[in-house]
Amino acid sequence: MGTSGFSWKLEDHPKFPKGKTIGLVVLDGWGEANPDKYNCIHVAETPTMDSLKTGAPDRWRLVRAHGKAVGLPTEDDMGNSEVGHNALGAGRIFAQGAKLVDLALASGKIYEGEGFEYIKECFNEGTLHLIGLLSDGGVHSRLDQLQLLLKGVSERGAKRIRVHVLTDGRDVLDGSSVGFVETLENDLANLRAKGVDAQIASGGGRMYVTMDRYENDWGVVKRGWDAQVLGEAPYKFRNAVEAVKKLREDPKNNDQYLPPFVIVDEGGKAVGPIVDGDAVVTFNFRADRMVMIAKALEYEDFNIFDRVRFPKIRYAGMLQYDGELKLPSKYLVSPPEIDRTSGEYLVHNGVRTFACSETVKFGHVTFFWNGNRSGYFNSSLEEYVEIPSDSGITFNVEPKMKALEIAEKARDAILSRKFDQVRVNLPNGDMVGHTGDINATVVACKAADEAVKIILDAIEQVGGIYVVTADHGNAEDMVKRNKSGQPLLDKNGNIQVLTSHTLQPVPIAIGGPGLAPGVRFRKDVPDGGLANVAATVMNLHGFVAPSDYEATLIEVFDN
């Protein structure tokens, strides 16, 4: 660590005995929502999880797994597996998303990373294209971040810049697009005065161009591709302010659904198609509406729509949008620098650790849990086991996934008594939930519940303690809803399936024969989140958590 006087030594906790085996289970995508037929966890047979909830009310509660509780900027930001496992393992809340970008821009660090070095290679000969939402709504992007980026790249050698704007009207007032475009045009005019060839090249409304999510409608991405990459769109204008004003005159058009347009020169030629040798940055910080365009820009074997041409470009995201897919592979702002994770502390204090999941979530109980760090802290005290996930099929085809195999590995590790902590991730609720297949998700939840039972039975046998929790919601609500919570229907009267994570809290349950009498959840941490779990687990291992960790969720109640 290098800080003076720092010690990895944890103090012993006076009220929690040492030496109990702890089984730590993370149910991926397992939130708590009102029971109805679209709540797959409610519909599924889940006797083990049901018994944890009803069996001991003092040892079951909900914790927050989204928004500020996991370092995201607002309470409208859904948690995800990466930030969830970061918080579970780190015991503190680290800036994620927009906050990370702000810090990187303020310190200049954004220009020192390999992502910027990668795109900078194109500055001499090529054009730098910036694609993203033009808005100060702060949900997906922020105008001030784009302004700082434009200033920074032009000071560092970008000679030719093209901006592809997506108008908002969803996180900000409809009609505000005109003002945002005028502001941007003014900034670009100032850059031109300094000798930088900078202009807006294309545009369109966010819900109609580029920013689709969850593979709902690839046509949205294709319209963006045609305008941004091919320089083709149904509407052509000489400047963007005129474009937005003119297109908004049609009563059918608003900021969200503005049709795609390209800016052309006096000869009618598009001023900024993306070509070989160019660099592209998608400047949104929020991931969900950037993953699809990222795939189209990055994947060579992409075949979902005809790209017509696939230019040889250097592409980077503002951030990495999908930690599982490692997409994009290059990004301007790195994940947070997380130090002194609970896993590292426990290993330094002799806690022997076993971690296991299948491929799709193996990195979450190892790499993300350990603060975005690969490998072992101490290979003589740790063992990590990855079970290969099914490949070549969507997860709803085999919704049980590898839950049983993960549980059996955990059981064997517990019964071997070689480990003090055995932690697993059961991916079913999340990975099958993402397919939108409600029946398969019900099967997935039942399989996860059966896996939990295998692990808890093994903990029972060795006199250990269990901690069962989750990283974010998904399977507990599989339908899009209106403001009053009623399911939304499509034009054919069918429900609109929800495939995304949710904003719901997640359960945490503790128990087992090794739990000291009188241990219960505290009543004075009502807003507890995933980051509080680390101190809780440290207590169960018999230690006091470091003073800067989020508060433990448990106490010993002396009768």
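Cβ atoms here come from the backbone N, Cα and C positions, even for glycine.
In TrEMBL, annotation is done automatically, which means it is predicted and not curated.
According to TrEMBL:
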type	residues	note
DOMAIN	21-543	domain 'Metalloenzyme'
BINDING	Asp28, Ser81, Asp471, His472	Mn(2+) 2 binding site
ACT_SITE	Ser81	active site, phosphoserine intermediate
DOMAIN	102-322	domain 'BPG-independent PGAM N-terminal'
BINDING	His140, Arg170, Asp171, Arg206, Arg213, Arg286, Ala287, Asp288, Arg289, Lys361	substrate binding site
BINDING	Asp430, His434, His501	Mn(2+) 1 binding site
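Annotated features, which come from TrEMBL, shown on the structure.
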residue : record                 : Cβ neighbours (10 Å)
Ser81   : Mn(2+) 2 binding site  : 26
His140  : substrate binding site : 24
Asp171  : substrate binding site : 18
Arg213  : substrate binding site : 16
Ala287  : substrate binding site : 23
Arg289  : substrate binding site : 25
Asp430  : Mn(2+) 1 binding site  : 29
Asp471  : Mn(2+) 2 binding site  : 32
His472  : Mn(2+) 2 binding site  : 29
His501  : Mn(2+) 1 binding site  : 25
### Task
Using C-alpha atoms only, work out the spacing between Arg289 (substrate binding site) and Asp471 (Mn(2+) 2 binding site) and round it to an integer in Å.
21
#### Entry: Shell of the Mn(2+) 2 site beyond Asp28, Ser81, Asp471, His472, same chain only (C-beta within 8 angstroms of their C-beta centre)
Val26, Gly29, Ala65, Gly79, Asn80, Gly84, His85, Lys361, His364, Asn425, Asp430, Ala470, Asn474, His501
### the domain 'Metalloenzyme' (21-543) [mean pLDDT, rounded to integer]
96
### Query
Using a Cβ-Cβ cut-off under 8 angstroms and a sequence gap of six or more, which residues of the chain neighbour Asp28 (Mn(2+) 2 binding site)?
Ser81, Lys361, His364, Asn425, Leu426, Pro427, Asn428, Gly429, Asp430, Met431, Ala470, Asp471, His472, Asn474
### Message
As a test of the contact definition, list every same-chain residue at least 6 positions from His434 (Mn(2+) 1 binding site) whose Cβ is closer than 8 Å to its Cβ.
### Response
Gly29, Tyr214, Phe395, Asn474, Thr499, Ser500
### Query
Cα of His140 (substrate binding site) to Cα of His501 (Mn(2+) 1 binding site): how many Å, rounded?
16
## Note on the structure
Those same-chain residues, other than Asp430, His434, His501, found with Cβ within 8 Å of the centroid of the Mn(2+) 1-site Cβ atoms are Asp28, Gly29, Asn80, Ser81, Gly429, Met431, Gly433, His472, Asn474, Ala475, Thr499, Ser500
### Summary
Span of the recorded substrate site, as the biggest CA-CA distance among His140, Arg170, Asp171, Arg206, Arg213, Arg286, Ala287, Asp288, Arg289, Lys361 in Å, is 33
### Euclidean distance between Cα atoms of Asp171 (substrate binding site) and His501 (Mn(2+) 1 binding site), Å
19
